[in-house]
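What follows is one structure encoded as structure tokens, with my remarks underneath.
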Amino acid sequence: MSPEYFLRSLLLIILATFSANASNWLYLAKLSSVGSISEEETCEKLKGLIQRQVQMCKRNLEVMDSVRRGAQLAIEECQYQFRNRRWNCSTLDTLPVFGKVVTQGTREAAFVYAISSAGVAFAVTRACSSGELDKCGCDRTVQGGSPQGFQWSGCSDNIAYGVAFSQSFVDVRERSKGASSNRALMNLHNNEAGRKAILNNMRVECKCHGVSGSCEFKTCWKAMPPFRKVGNVLKEKFDGATEVEQSEIGSTKVLVPKNSQFKPHTDEDLVYLDSSPDFCDHDLKNGVLGTSGRQCNKTSKAIDGCELMCCGRGFHTDEVEVVERCSCKFHWCCSVKCKPCHRVVEIHTCR
């Protein structure tokens, strides 16, 4: 084999690996709906899936719209949590949807993997509970009386099914590679941390029964937390994420803190391998839109403040007129009427 042929072959392998980035399935969020998938051949046309995900799609046609909703949930929550950060989870119309930000082993990639695996688990579980799927329903293992004195009843969220489907669908690329590279280990860890954010925050919801509103006895069921709660938990984990490196315990490859003085991470924590860029400058090649034109808070000293958000470049101040509702009065029955009030406010945007 000639050196030139070897190099060309190696380049093709690298490009193929990149094109099959493990988060490419998030492109499903760009589709208006995949609920119309009724034939296996349609799965082949879904952009962003690797072959094993295509096979899962063919075996689980009815679940794919839940996967799409999970991807949308993940992107929307990411954009909410990072709305005041330099990197605000902006998406592109290409693969991967977050650009090369998620192909690097950064904190941001850790959060994306965690929130997206949680999104699929959440959306599939919700579809089970609402009766949308034939393959699953409510969690029937939660039955009978409880030590607290209430009766398990109602429709408990079948989180076990949602988590299992998320593991099978989202983790498939890393699993197919044998999960031996440090990046595969990082992705798998953060995927599981995302699902743990749901599992560890399951709630007990109850309904009282009795005469005249009394609570003679209660029936209760287990419910997932709101997805905003999941996002809040993972955002805290992002802020406290642990930088790790690969090590070996016997023949097993594991991730350990890069700084031995730091306490070991748990299954619930996010981990990362590489330092993040500053996200200040426009770099579309890497999916970084920069902060020029972003609104900032003139009085804040935090990351949303103009000094930090604008990376020291300064900012523009414009006055704009906004119309708000004021002098609202309740009219019997049953409406609220308000007057329009005009107010001039200052808007600060990064140079």
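The backbone N, Cα and C atoms fix where each Cβ goes, glycine too.
Between Cys208 and the candidates Cys215, Cys220, Swiss-Prot annotates a single disulfide bond, the one to Cys215. Of the cysteines listed (Cys310, Cys311, Cys326, Cys328), Swiss-Prot assigns Cys311 as the disulfide partner of Cys280. Bond annotation: of Cys328, Cys333, Cys334, Cys350, only Cys328 is listed by Swiss-Prot as forming a disulfide with Cys338. Cross-referencing Cys136, Cys138 with Swiss-Prot gives Cys138 as the cysteine bonded to Cys155, criterion being a recorded disulfide. Checking the candidates Cys57, Cys89 against Swiss-Prot, the cysteine paired with Cys78 through a disulfide bond is Cys89. Disulfide annotation in Swiss-Prot: Cys326 is bonded to Cys341, selected among Cys310, Cys334, Cys341. Neighbour density for Cys338 (disulfide bond): within 10 A of its CB lie 11 other CB atoms from the protein chains shown. Take the CB of Ser212 (O-palmitoleoyl serine) and look out to 10 A: across all protein chains shown you find 4 other CB atoms.
In this structure, Cys215 (disulfide bond) belongs to neither helix nor strand by DSSP; it is coil. Cys128 (disulfide bond) and Cys310 (disulfide bond) are 45 Å apart (CA-CA, integer value). Here the CA atom of Cys296 (disulfide bond) lies 30 Å from the CA atom of Cys338 (disulfide bond). Counting other Cβ atoms within 10 Å of each Cβ, the disulfide-bonded residues Cys89, Cys128, Cys136, Cys215, Cys333 show the lowest value at Cys333.
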